[in-house]
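Per TrEMBL, these features apply:
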- 7-24: transmembrane segment (TRANSMEM)
- 44-64: transmembrane segment (TRANSMEM)
- 84-105: transmembrane segment (TRANSMEM)
- 138-156: transmembrane segment (TRANSMEM)
- 177-202: transmembrane segment (TRANSMEM)
- 222-244: transmembrane segment (TRANSMEM)
- 256-276: transmembrane segment (TRANSMEM)
- 312-330: transmembrane segment (TRANSMEM)
- 342-367: transmembrane segment (TRANSMEM)
- 400-425: transmembrane segment (TRANSMEM)
- 437-459: transmembrane segment (TRANSMEM)
- 465-486: transmembrane segment (TRANSMEM)
- 500-530: coiled coil (COILED)
Amino acid sequence: MRKLTPVFYISFFIAFVFILWGAIAPDNVNEVLGSMQSFISKQFGWFYLLSATAFVIFAIYLIFSPFGKIKLGKPDEKPEYGYFTWFAFLFTAGMGIGLVFWGVAEPLYHYYGPPSAEPQSNAAAAAALRYSFFHWGIHPWAIYAIVALSLAYFKFRHDAPGVVSASLRPLFGNKMDGPYGTAVDVIVVFATIFGVATSLGFGAAQVTGGLSFTFDFISNNIVTQLIIIAIITVLYLFSAGTGLNRGIRILSMTNIVLAIGLMLFLLAVGPTVYVLDVFTTTLGSYIQNLPSMSFNTAAFSGDRAWLENWTIFYWAWWIAWSPFVGTFIARVSRGRTIREFMLGVIAVPTLFGALWFSVFGGTGISINSLMGGGLYEIMSNQGDEFALFTLLNEFPLSGFMVTLAILLIISFFVTSADSATFVLGMQTTNGSLNPPVSVKMVWGAIQSSSAAVLLYFGGLGGLETAMIIAALPFTFIMLLMVISILKSLKSERSIIHSDKAVLQAERNKLREEKERLKKEKEELKKKVKK
């Protein structure tokens with residue numbers, strides 16, 4: 001299981017060539033990737049929207065279907081991790097840096113440039129929070145859940161290798177053991193590399209922003225960001241050597257405690273009642289408008305550019321992240337039923353994300369109004385990464401809270417990268433649940449190098465471009481995964497029904513035999529009496 005597969009060598013070679021290409025001809029990389037990204041966003045935006053919504057519908061169907069009772073593992077298996085640890089894993093792997101980066105910035109962007117509303121109006125504020133809920137709510141977690149469920153089901157219930165190609169065997173049979181399967185797993189590796197590289201870029205930008213905000217002698221520039229990436233790489237490679245139950249578990253627990261602490265502090269010292277009103281109102285509005293937002297392609301509203309920059313970008317990001325997050329969630333979800341799994345993966349993180357945006361986004365909009373638009377101006381002039389620190393600076397204990405926020409971002413940074421190296425190790429060693437440290441080290445270095453090259457030559461825009469491109473082929477693979485798991489679940493259920501029918505027939509025979517023996521016994525008693 002721990003043997004290196006062709007997926008490792010092919011992926012390593014292509015990644016090395018890409019990094020070399022980016023270093024030698026950065027302008028050419030930007031031109032080629034930019035053209036591809038523009039074509040995909042314009043021509044396949046509808047496809048991303050329909051696919052993401054299809055994943056949501058399928059996830060909801062599984063929750064309420066008879067398949068929900070099926071366990072991800074053997075019938076007598078118990079979950080490996082308790083609920084709090086499990087949720088900590090989900091939150092850290094699934095959102096992490098992005099939630100901290102965009103918690104204040106995204107609602108402010110929507111407030112000043114909302115779709116189909118007057119900027120800086122009450123309607124714009126409502127839309128800003130509603131779309132933030134939308135982009136970080138049910139859709140991304142349903143996307144993660146589909147990939148995770150497929151991998152966990154085939155791995156823990158049918159003892160298949162923990163790789164994406166193995167989950168397509170019900171459709172394509174042994175073809176997945178050859179070149180076709182290798183191609184699928186190579187696509188998974190690259191979707192993971194570019195998806196995680198985007199988050200590493202956000203993390204590096206925000207850590208640098210926080211340090212330059214706190215210390216005047218630190219400059220917020222690309223060189224500092226690359227130094228941060230190098231330092232974080234050393235940290236997560238060290239963590240990668242300690243394994244899942246030590247490094248990643250400890251970091252995940254630390255992350256959730258720090259995140260909850262930071263959120264509760266801001267809720268307590270900020271406009272508490274306003275934030276709770278925002279949460280309640282926006283949650284209802286989000287649920288009410290979910291269908292129309294899910295299918296909106298801006299065909300008649302003229303908001304196509306906004307849609308491409310936000311919703312389509314996010315759906316591509318979540319899909320690109322899903323091989324990494326899905327594999328990791330599958331690894332820590334053994335022993336749970338499908339219903340418990342889907343509810344846990346979708347409902348709990350969605351509610352937490354909604355509360356997070358209510359606290360940080362709602363407080364940000366409120367403080368921005370009190371500052372006469374000053375928060376948005378600082379964010380626009382100095383960078384999105386300054387939004388969180390500028391907001392915290394308006395409250396008591398600002399120095400301590402800014403430091404806590406920087407530590408949280410670093411911790412998320414390390415955990416996301418560590419988890420990604422773990423997943424890349426699994427995907428390139430035929431699904432080994434404990435990939436060799438040496439393989440994780442190799443992927444850790446490649447991951448950081450890819451992020452550094454894209455960040456240096458294209459900025460965060462370069463990272464986003466690569467991610468949108470990587471997401472497209474995996475979207476097709478995800479649709480096939482849905483068909484594959486549905487086929488397998490139906491087959492298993494028919495077998496279970498068949499087994500139940502056989503068992504019932506045996507019971508009926510035993511009952512008939514018992515009745516026959518009882519009658520014979522009674523007849524024998526009568527004969528004895530005579």
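Yeah, the Cβs are placed from backbone N, Cα and C, and that goes for glycine too.
Because TrEMBL annotations are produced automatically, they should be read as predictions rather than curated entries.
Keep in mind that this is a model prediction, so the values were computed, not measured.
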Mean per-residue pLDDT computed across the coiled coil (500-530): 69
The transmembrane segment (342-367) versus listed stretches 7-24, 84-105, 177-202, 256-276, 465-486: most Cβ pairs under 8 Å: 84-105
Feature contact check the transmembrane segment (177-202) with the transmembrane segment (7-24), CB under 8 Å, 3 or more pairs: yes
The transmembrane segment (465-486) versus listed stretches 44-64, 84-105, 256-276, 312-330, 400-425: most Cβ pairs under 8 Å: 312-330
Intrachain neighbours beyond the transmembrane segment (44-64), with Cβ under 8 angstroms and 6 or more residues off its ends: 138-139, 142-143, 145-146, 149, 294-297, 304, 307-308, 311-312, 315-316, 318-319, 338-339, 342-343, 346, 471-472, 475, 478-479, 482, 486
Beyond the flanks of the transmembrane segment (84-105) by at least 6 residues, Cβ under 8 Å: 132, 136, 140-141, 144, 199-200, 202-203, 205-206, 248-249, 251-253, 255-256, 259, 317, 321, 324-325, 328-329, 332-333, 344-345, 348-349, 352-353, 356-357, 359-361, 363-364, 375, 379, 384-385, 387-388, 391, 405, 408-409, 412-413, 415-416, 419
Cβ-Cβ under 8 Å with the transmembrane segment (400-425): same-chain residues at least 6 beyond its ends: 92-93, 96-97, 100-101, 189, 192-193, 196, 199-200, 203-204, 206-207, 210-211, 213-214, 232-233, 235-237, 239-240, 244, 247-248, 251-252, 254-255, 258-259, 261-262, 265-266, 323-324, 327-328, 331, 388-389, 392-393, 432, 435-436, 439-441, 443-444, 447-448
Chain residues outside the transmembrane segment (312-330) and at least six past its termini with a C-beta under 8 angstroms from it: 41, 45, 48-49, 51-52, 89-90, 93-94, 98, 135-136, 139-140, 143-152, 155, 162, 164, 188-189, 191-192, 194-196, 198-199, 345, 419-420, 422-424, 426-427, 464, 467-468, 470-472, 474-475, 478
